Structure formats: C-alpha cells, structure tokens
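Look at TrEMBL and you will find 360-452 tagged as domain 'DYW'. Under the heading repeat 'PPR', TrEMBL lists 13-43, 44-78, 145-179.
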Amino acid sequence: MRRVFDELPRMRDVVTWNAVLAGYVRAGMARVARALFDEMPVRDEVSWSTVVGGYVKEGELDVALAVFRDMVEKGVRVNEAAVVTALSAAAQLGLLEHGRFVHQVVHQEGMPISVNVGAAMVDMYAKCGCVALAREVFDGMPRRDVFAWNAMICGLAAHGLGQDAVELFELFLGEGLSPTNITFVGVLNACSRFGLVAEGRRYFELMAEKYCVEPEMEHYGCMVDLLGRAGLVQEAIELIEGMPIAPDPVLWGTVLSACKKHGLVDLGVKVGNKLIELEPAHDGNYVLLASIYAKAKKWDEVREVRKLMSSRGTSKSAGWSLMEAQGNVHKFLVGDMDHKDSVQIYNMLDMINRRLADAGYVPDVSSVLHDIGDEEKVHAIKVHSERLAIAYGFIVTEVGNPIRIVKNLQVCGDCHEFSKMVTKVFNREIIVRDGSRFHHMKEGKCSCLDYW
C-alpha cells in the first residue's frame, strides 16, 4: 500500500493520504500513523478522527484526548467518529472533565445526539461517576438502540444501583427488545452488587431457555461473584465444576476473594494453591492467599507465600489513584513524594488524620501483609494513594464539589472507612471508581452499603 502511494505522487490528495493513515492505524502502527499525519499537507476531520482512534486502539487514551482537544482548538469541525472515540477514551480513563469537554463540543457544534453519540455519552457519564447525568442523556435520546440500553444497565450496576438496573432491564424487555450477552452481563452484575440472589438465578436460567443466549465466561463470573458475595461459596464452586466450558482462573480468583471476605481459611488455602498452579505469574493470586493467611495471623505462611512470589519473579501490582484538577490529570502512588505540591499534600493529610482521630477513627490494619508492629502498619496504610488524592482534593477542589478519584485496584477496607469518615467529619462528598465498582460517599455512608 505504501509503495503504491509513494510511487504515485500526483495521485495524492487528502482521500489517499487518509487511506494510508487508516491502514497504519488498522495495522496497530500508531507512531508511524502519527508521523504520516504530521507530514500531510492538508488534513480534514477524517484525518484527525483516524489519529484519535489510533491512539485509543493502542491504549494511549490521554494522547487521544489531547489530539481531540488540539483538533477543536485548530477549528476543525469534529465528526461523529471523533466524538464517539474521544468519549470512549474519557470513559475508559474515568475522567469527567475530559468527557464534559467532548459533550460541550457536541453542544457548541450543534451536532445531533445520534444513537451512537448518545450511547457513548451514556457510557462516559456512567464510567466517570455521574450516573444521574448518564440517565438524563439516556432518557433524552430520541431513539435508543441496544447499545444505549446496555450502557445504562451496566452503568447502574457499576454504581451499585441494582434495583434500578433490574427495573430498567424489565422495561427493556417490555419494549420488545432482544437482550444480548452484554445486557445479561449488566443485569447479572447488578444482582451481584445488590445481593439479589433469587433474581440473579432466575435471569441466568432465562438466558438460554427464553432468549437463546448461551452463558459465556463473563456470565458465569457474575454468578460466581453473586453467590460468593452472598456467602454461598460452596454453591459457587459447584457451579464452576458443572460448567460445560473449561473455567478460566478468574472464576477461581473470585471464589478466593469470597473465601477472604467470609473468613474461610482452609477452603481459601486450597483454592489459592490451585490458582497459583494455574497462573504462577499472576501477582493477585499470591496477594489474596497471603491476605487470607494474614487475616488468620498465620505470619509464617504469609512469609512463605511472599518468598514463593519473589522466587518466581512476581511482584505486587502498584496501586495508584488519579484525579483531575484544573485541566490536568494527577497520579499518586503509595507514599508518593514526587508531586510538586507534596509538602502541602502531606500537611493536609496530617490535618485530616488529626481531625478523624478526634472524631474516633481507629485504623484497621488487617489488610497489611507484613508481621510488623501496629504502629508501622498504621503508617503503611496512612500513605495509600487514595488518601494522598483526597488530601490533594481538599487543596484544589472547591467546597461543595465532590472529590473524584479513579483507582486501579480495589480499595482496601480501611481506606474505605477512612473515606467515609472524611465525608462525615468535613461534610465533603467523595466518589471513588476502583477496580471493582463505584463508591459514592457522603455523610459517613457509602452507596455500596459496605457490600463490596
């Protein structure tokens, strides 16, 4: 393709340049595509949207959003493809300010909310922690396809609004629409988040019986999660062992999480060792098994797991937290001292800790996987990434506006309690999107009702 393009210089116009650009993007060659884009004598909205899409495809979401912003600032009229792709990037990052910027551009351009744009906008707002805005966009769409319904049902589920998701699913069926495998993932996930065991079992049975949707690994994952959260761990294991397809390690990892949650040490050890055999390079399995031993105060066993982990060259994934402020994305790691405002952040965190201690907050150090003194454990927990992000939120976020945080891992139990206590003592709202779900915290309570 490139050779033909290079041999016919007189045939080059924006259409042929765009064709070559799209070829590189489809081949996963984003850097080459960008170099070609920079060479183009004339670029139109297709050129720009192709590059935005290329960066999203390669997972360089922040770069994709920067290119989209550059496109707007240069006065290029955005097309639907660029808007949908930019909304997808903002959704995956969970960054509301970026998503709002794209929505604002749609409004300023007078672009109609098509089925594709509407579905992408619903998904973006839901994944950026604004489920009410997602519902507002959804309800205002002149026409909705199954993708819009799926985005809304899955969004409600992620925010723990299980009953609302189930009601919307029933409305979906009432309109005569046919659910897809994603629709069932959404409603089963909703049942799991809200502890609706009977409803979950019923929908799982209806999938194949009534709607001819054969359960896939993700549906079994939702059911195992539903049963495990509800304490029905043995039933979850029986479901896995009776599957017509070979279970993947994620299902056993879900069982292991349930064993930790419900204090099933012996079963957890058995499942944990099985998982390590199946996935010797996966750090999360070692961490979960070690946390089960730590909860039972079996420190020798914790050390053995950590030693095994080290001998196999596996290390625990670093936890990080993101937050937007004044148009920039700020990333925090545990014990982070690299931020330009670190001194202010730690001073603010000290003040927060003092106020919380006065209000009766006592750290829960059970999640620390080291046999060290309680004082050292408290210090280790005090510098978790989401606490640094909260402290920075106090500095840069106006009172009355929620502090929004995106975390890559599941929030630990003590940070969850810490965050709830902050909302009570300081009358602030905190919204956390962790690796599992959304937590909307206000007045000392969380939307998850501590069922997570």
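The first residue you see is number 1, and the count goes up from there.
The backbone N, Cα and C atoms fix where each Cβ goes, glycine too.
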Helix, strand and coil totals (DSSP H, G, I; E, B; other) for the repeat 'PPR' (44-78): 26 helix, 0 strand, 9 coil
Beyond the flanks of the repeat 'PPR' (13-43) by 6 or more, those residues with Cβ under 8 Å of it: 1-2, 5, 50-51, 53-55, 57-58, 60, 76
Residue numbers, six or more beyond the limits of the repeat 'PPR' (44-78), whose CB comes under 8 Å of its CB atoms: 14, 17-18, 21-22, 24-25, 28, 30, 33-34, 37, 85-86, 88-90, 92-93, 95, 98, 101-102, 105-106, 109, 111, 329
